[in-house]
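Everything on this sheet refers to the single structure shown next.
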Amino acid sequence: MSTVVSEGRNGGNERYSPQDELPDLENLKLTDDMRVPSFDRLPSPTPRYYGSCKWFNVSKGYGFVIDDITREDLFVHQSNLNMQGFRSLDEGERVSYYIQERSNGKGREAYAVSGEVEGQGLKGSRIHPLGRKKAVSLRCFRCGKFATHKAKSCPNVKTDAKVCYTCGSEEHVSSICPERRRKHRPEQVAAEEAEAARLAAETAASSPRGDHDD
């Protein structure tokens, strides 16, 4: 750190450093008005209120509680519930909470929701929603199975030719499969066979005829 010569001290012969202006940190002691307050002793943002769960939708993750004093319906979201794992409330469950205005302006909501004793965990609902399927099953028209693959990438059929997805045969397609006669109603099978015959006749009529010898 640079030093300068003070002109007003000892006829300009005393050396002076800006560090001389810093307080003596070694002997500095905190006074009561300088101490950092303990957050454990800070007052709560609002009074603690008490009520009961009116209803709670476990699938959507929200519901309402009824305040004991005002009988007001207060919105409650699962993210404000003091519990581990799947968070929900059981109908009629006793709770304590703070109250604040909702961010969307639609009334008030309960937050920091716990049991009747502040910080106590909640029991939660006995109903849990069914888990969502991780994959959607589609029917592959090449192998006929319900799976997550598509026909163009079917792992069950090794040939590029059309196959019957009812029985897997390469000799015919599903519309004229003998297995369908056994599994479906006779009138449905008859209609499908008639349609298949009509298509075959149209194909034969449109095919070029070869020259025949007399």
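Heads up, the Cβ atoms here are built off N, Cα and C, so glycines get one too.
The range from 85-102, 121-138, 139-156 that Swiss-Prot describes as zinc finger is residues 139-156. As stated in Swiss-Prot, the feature zinc finger covers range 162-179 out of the listed 54-71, 162-179.
Under DSSP, the residues of the domain 'CSD' (48-116) split into helix, strand and coil as follows: 3 helix, 36 strand, 30 coil.
Averaged over the domain 'CSD' (48-116), the predicted model has a pLDDT of 91. Distances between the Cα of Cys167 (Zn(2+) 2 binding site) and those of the binding-site residues Cys140, Cys143, Cys154 are shortest for Cys143. Scoring each of the binding-site residues (Cys140, Cys143, Cys154, Cys167) by how many neighbouring Cβ atoms lie within 10 Å, the top position goes to Cys140.
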